[in-house]
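Engineer: According to TrEMBL, the protein carries these features:
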- C440: active site, nucleophile (ACT_SITE)
- C317, A318, A319, P320, G321, G322, K323, D341, D368, D387: S-adenosyl-L-methionine binding site (BINDING)
- 32-51: compositional bias 'Low complexity' (COMPBIAS)
- 227-504: domain 'SAM-dependent MTase RsmB/NOP-type' (DOMAIN)
- 1-60: region 'Disordered' (REGION)
Amino acid sequence: MSGNTSGRPSGNGHKVAENAPGRGGNQRRPNSGKSGRAGHSSASSSSASGKSRSERPKTSARALAVKVLSAVEQEGAYSNLELNRRLKEAELSPADAGLATELVYGTIARLNTLDYFLERYVAKGVSKLQPWVRSLLRISVYQMLYLDRIPEHAVVSEAVNLAKKLGHQGISGMVNGVLRNMIRNRDELRIPDHLPAAERISLEHSHPLWMVERWISQYGEETAEAICRANNEPPAVSVRVNTTMTTREKLMLEMESTGAIVEPSRLSPDGILVRSGGNMALTSWYRDGLLSVQDESSMLVAEAVGPEEGQTVLDCCAAPGGKTAHMAEKMQDRGRIVSNDVHAHKRQLIMDQADRLGLSCIDAVTGDALDLDERYPEASFDRILLDAPCSGLGVIRRKPDVKWTKTAEDIQDISNLQRELLDRVAPLLKPGGILVYSTCTIEPAENEHRISDFLARHPEFKAAEDSAWSGMETADWKVVNGGVQILPQYAHSDGFFIARLTRIAD
């Protein structure tokens, strides 16, 4: 990135936390007055604020959502962090915390569609409204269109009351008029059929037009629309079994005995899909190190690395440590993993994961991934994982902000950094060793083009022949130069790219 050469650039490089509670680890249920995104703690110590719960002014779910969305728009706040902070302060009931969470993520996910409909009914235009008024109208229309268990009269009443509280009589009257007018003309709230394909997809599935046009040129109209549709679906909940402590079969039996509905992952032999069972990061299985919360696509990265007991492994951009831990588990905690990240404070995240999982072979270090070739001699490692900073366009369903903040220029900038990182870490691999390059994006410029470019400039490397890793259902998956592009609609998992390369033995 311009002005930033770190192995994990701030703001423009994305890595989903594989083993912490949050939106990705909790199932969202659209078309419901309540949300299943229960990973956001709604309880905090009353002593932390100096006031008891009864002494503090009560915040409603809708008011909290408006505040979060306004902060995201005005201050560039991260929605998940801002939401978590405000939920802890507000101490809402679980039901209200769920509704606030649904309103925040749902409104961001459907942003341009909501504005498209609002634009017809706001006389001076949506962009001219005060940010909090704009957010209030957006969450109200989101409830009307996407949460069918909330009556329309309740949506209007709550919005008008909140407008009176936050503004004045004139604003509440405008809000009332806009929403009632939209309800009267409900049949007209639909996307016209005659629009060009890219514009139609952009509005129906709420993605920026430039992004849709780009994906149509890369994947074709049908696949591009499938990507956009999948990005608005709730993320599945999956966990990874710590095979140094238990087996998948044994843990599934334990989970089922408590009433959880689970099934084995089709992609990873270490994965379990949790169809129902609550927040896994709050269970004794998580606390005791028997499992970690991780997306199925992300689990395939360690499968591709295929570390063996006694080997020396380098994880170049490792925080928060989920893939490092998975590799250590695959090695049965025998060998050594150097787990590097550019941010000093994230070293503790990695070590906390290792401690929770009972793993001792992980050596967490701090430093720029671009300087790894200065810290370690050539041919030091049997396996190298470069889980590279990327645009994050494969995890939009978990981080909907991404689609509104990323630009084509960001993609170009990050791909340049990826190129340099590959060049720097490649010499550290032993001849005959395996280098895995992975991202959580679906952009060819960051993925297959990056690998094609690398192989063209590094004749000492080639695509690994055994690239069909354990458990992968790749019949319809695109495989190029030892890499697999996983699109979010393939297996209801995150969009990922994983390439497996080998250094030719002397």
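Glycine is treated like the rest: Cβ placed from N, Cα and C.
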Engineer: In whole Å, how far does the CA atom of K323 (S-adenosyl-L-methionine binding site) lie from that of C440 (active site, nucleophile)?
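Structural biologist: Taking the Cα atoms only, K323 (S-adenosyl-L-methionine binding site) lies 13 Å from C440 (active site, nucleophile).
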Engineer: Hey, how far is G321 (S-adenosyl-L-methionine binding site) from C440 (active site, nucleophile), Cα to Cα, in Å?
Structural biologist: 15
Engineer: Round to the nearest Å and give the CA-to-CA distance linking C317 (S-adenosyl-L-methionine binding site) with the residue listed as 'active site, nucleophile'.
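Structural biologist: Counting only the Cα atoms, the answer is 13 Å.
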Engineer: The domain 'SAM-dependent MTase RsmB/NOP-type' (227-504): mean pLDDT?
Structural biologist: 94
Engineer: Rounded to an integer, what is the Cα-Cα distance in Å between A319 (S-adenosyl-L-methionine binding site) and C440 (active site, nucleophile)?
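Structural biologist: Rounded to the nearest whole number, the Cα-Cα distance is 14 Å.
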Engineer: Whole-number Å distance between the CA of C440 (active site, nucleophile) and the CA of D368 (S-adenosyl-L-methionine binding site)?
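Structural biologist: Given the Cα positions, C440 (active site, nucleophile) is 20 Å from D368 (S-adenosyl-L-methionine binding site).
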Engineer: Cβ neighbours within 10 Å, counted over all protein chains: which one of the recorded positions A319, G321, C440 has the most?
Structural biologist: G321
